[in-house]
Amino acid sequence: MSFLVAIVGRANVGKSTLFNVLTNSYDALVFDFEGVTRDRQYGQAKYDDLDYLVVDTGGISDKDVGFDEFMAKQSQIAIDEANLVFFVVDGRSGLTTGDEYVASLLRQKDKKVVVVVNKVDGTDEEAAMAEFYSFGFDKVFAISAAHRRNTQKLVDKFLKKTLNEYYQDYTQTQEHKEQQRHGIHFSLIGRPNVGKSTLTNRMLGEDRVVVFDMPGTTIDSVSIPFERHGQKYTIVDTAGVRKRGKVKQTLEKFSVIKTLQAIQDSNVVVAVVDARQGISDQDLSLIHFAIKNGRALVLAVNKWDGMTEEDRIQVKQDLKRKLFFLQDYVDIHFISALHGTNVGHVFESIDTAYACASKKITTADATRLMQLAVEAHSPPMVGKFRIKLKYAHVGGHNPPVIVIHGNQVSRLPNSYKRYLENFFREALDFRGTPIVFEFKQSENPFADRKNKRSKDEGSKSKKVK
């Protein structure tokens, strides 16, 4: 489960600006769902090699109707889920009753809180921060998010240590969870009312999840262990992710976080699409998130029953056009969760994807495949020199990570990287899982000797003079 940073505070203090700084600065995948242009509320960001999620809770002002109730729902859910809270206040306008209310909520929680005093450009930082110490939090820091003043220092000072500690503990916990995990852990993701809960019940063979014919019946993720044909599984039915313009209920907003975390905790992700509505930007966002996080993937196109042949052809053409990047390795099944049509094939693809993602490859095999790929198609020239790939080894599983060492590898074009991925995928018969390639510059064993020789020669020439 990813580390979560919650940005809380009243309206117009600069939360969204800080959100953009945290995400866009670190090669972020931001969930800019259709239907909203003003606020991007959910984002994945990176610090060094560590991923984390950021949520902007939206602004609240004293003039809002139902202030207490809305704030309690909106901010408390974010605070409860968060590993670190950035409590943003306005250094220009000073302390307000809205700030005091947020502070009172935070004091009730056992959370790590940093009071971020924003908009301090052109002011005395110490003076701007002074009154906010009255909240009782020992961490108060001044920034200007709009001008990125002190924002990197904010991350280095408060996020770095907490993030590293979290992932050290998390790694140990995950190792224990993997030992205790009930078989293959897979999640069902998709928009509301695409049939995830119906598919869950069909896979379980009983009505374990309440289903109504209305969007958003499942508010939170439901995790259920079961066994089928001797294979153990744990299925997670996530709440649906709808268009941002339609995300109105506060609980539903934070179900997005649950969905993203369920993806990260899964061995395999089953993306469920409504055949009659087609694939949407929300579906694509979730699929991209799963791939970016290295999850094995299966696509289930539901509600296939009752469609005309003409409509089916149109759906397949639309899928081929929008999912061109998945055509070569992800299984797509056209199913009816209600009647059970082709659901068995979904299980087969889950098993295959998991087996491929967990497949053990030796260093000898990885190097041999790399050599065969190079023999079939050599890397391009870089100036007067050809890029040379020397050897390969496996850097991890689920997803498979292939580490290739060589010279000039930083100049290897993306087209050749795609060629290597396709070559390895075909040779290893990998289905359903991404393959991650890492390229490392080989160390020159004579570099230190050359440097020493140069220094010695320099010393000798000085003596001759």
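Quick reminder: no glycine exception, Cβ is built from N, Cα and C everywhere.
Going by Swiss-Prot, these are the annotated features:
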type	residues	note
DOMAIN	3-166	domain 'EngA-type G 1'
BINDING	9-16, 56-60, 118-121	GTP 1 binding site
DOMAIN	184-358	domain 'EngA-type G 2'
BINDING	190-197, 237-241, 302-305	GTP 2 binding site
DOMAIN	359-443	domain 'KH-like'
REGION	446-465	region 'Disordered'
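Ranked by Cβ neighbours within 10 A across all protein chains shown, the binding-site residues LYS15, LYS196 are led by LYS196.
THR238 (GTP 2 binding site) is surrounded by 28 other CB atoms, counting those within 10 A of its CB over all protein chains shown. Within the model, the domain 'KH-like' (359-443) carries an average pLDDT of 91. A straight line from the CA of LYS15 (GTP 1 binding site) to the CA of ASN193 (GTP 2 binding site) spans 32 Å.
Contacts of TRP304 (GTP 2 binding site) defined by a Cβ separation under 8 A and a same-chain sequence distance of 6+ are given as ALA275, ARG312, PHE334, ILE335, SER336, THR341, ASN342, in order along the sequence. The helix, strand and coil residue counts that DSSP assigns across the domain 'KH-like' (359-443) are 32 helix, 26 strand, 27 coil. You'll find the Cα of GLY190 (GTP 2 binding site) roughly 32 Å from the Cα of ASN12 (GTP 1 binding site). Nearest to ASN12 (GTP 1 binding site) in space, judged by Cα atoms and limited to the binding-site residues ASN193, LYS196, THR238, is THR238.
Minimal Cβ crowding within 10 Å, among the binding-site residues ASN12, ASN193, is found at ASN12. With respect to GLY9 (GTP 1 binding site), the closest of these binding-site residues in Cα terms is THR238, chosen from ASN193, LYS196, THR238.
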